[in-house]
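What TrEMBL records for Arg45, Asp102, Glu103, Ser104, Lys144, Gly161, Asp162, His239, Ser240 is substrate binding site. Among the features that TrEMBL reports, Fe cation binding site is placed at His115, His140, Asp141, His213, His239, Asp272.
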Amino acid sequence: MTVIVEQPELEVEVVEKKDDVEENELLLDGGFVVPETNSFGQTFRDYNAESERQSSVEQFYRTNHINQTYDFVKKMREEYGVLNRVEMSIWECCELLNEFVDESDPDLDEPQIEHLLQTAEAIRKDYPNEDWLHLTGLIHDLGKVLLHPSFGALPQWAVVGDTFPVGCAFDESVVHHKYFKENPDYNNPAYNTKFGVYSEGCGLNNVLMSWGHDDYMYLVAKENKSTLPSAGLFIIRYHSFYALHRAGAYEHLMNEEDVENLKWLKIFNKYDLYSKSKVRIDVEEVKPYYLSLIKKASIP
């Protein structure tokens, strides 16, 4: 994929609360109101709730957890890191995702472009001056084009779902952890300890994550010399790493830059997760704004 994700150098304004918070603490709430239920009337990310998608979501994670090994991830990064699949504009990639529904997601069964715009629009409302964050919201899931034949038609278990480190022990906070017992790395002494092949504070940039759309879009942005701020690239790469930003797992692998970027990821995650609803976005109404943002950022 040779899409150039380039953003002009924008100042990242840290919003501060004025009363009972420490100086420079990020405003985590904005004005966004978290809905009580997802589009199926269930609580968000409830993988045990009885719903029409519960069984298929669990089967997805079984397949994912069995097959996402250290060797598999290395192979996929080598194969897809060369970015030689197809050349396509950002908006063309967004429209391409209209063909797909994320089988790992218990909260939504709408086409993916709906989710991209729901996320970006919710962020835009609360953080109108952070257009790098609007752009991140728009493109964070574009790596799901890996599902399309033009990009290799990878199976869903190799594209979507919660991500987690490989090369070290699988933390019990990872959803449907029980299926890792069938993963070849589970009983491999080189990979099944707390640190595995890594060291304390090595930095997440040095940790291999399960392969999927997050890591692929990160590689696209990085290899195309994107000028998105470090926090934007961090969000793209780790937005599905729920074991970290929801359960606090794997913090022993983080460095100081990761700690700072995690603050922005936690802001972003609220919009990524809770903006999923049956309220539809008028694509044609908001399209001009995002096209202007893409143009401003010199993205083809």
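Cβ atoms are placed via backbone N, Cα and C, with glycine included.
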Can you check which residues sit near Asp141 (Fe cation binding site), meaning Cβ under 8 Å from its Cβ, same chain, 6 or more apart in sequence, and list them in order?
Leu97, Gln112, His115, Leu116, His213, Met217
Taking Cα atoms as reference points, which of the binding-site residues His140, His239, Asp272 is nearest to Asp162 (substrate binding site)?
His239
Using a 10 Å radius around its CB, how many other CB atoms surround Asp162 (substrate binding site)?
22
Just to be sure I understand the packing, how many Cβ atoms besides its own are within 10 Å of the Cβ of His213 (Fe cation binding site)?
27
Residues other than His115, His140, Asp141, His213, His239, Asp272 within 8 Å, Cβ to Cβ centroid, of the Fe cation site?
Leu116, Thr119, Lys144, Asp214, Ser240
Cα distance (Å, whole number) from Lys144 (substrate binding site) to His239 (Fe cation binding site):
13
Rounded to the nearest Å, what's the C-alpha distance separating Ser240 (substrate binding site) and Asp272 (Fe cation binding site)? Just drop the number here, would you?
10
Long-range same-chain neighbours of His140 (Fe cation binding site), Cβ under 8 Å, sequence gap at least 6?
Leu116, Thr119, Met217, Ile235, Ile236, His239, Phe268, Asp272
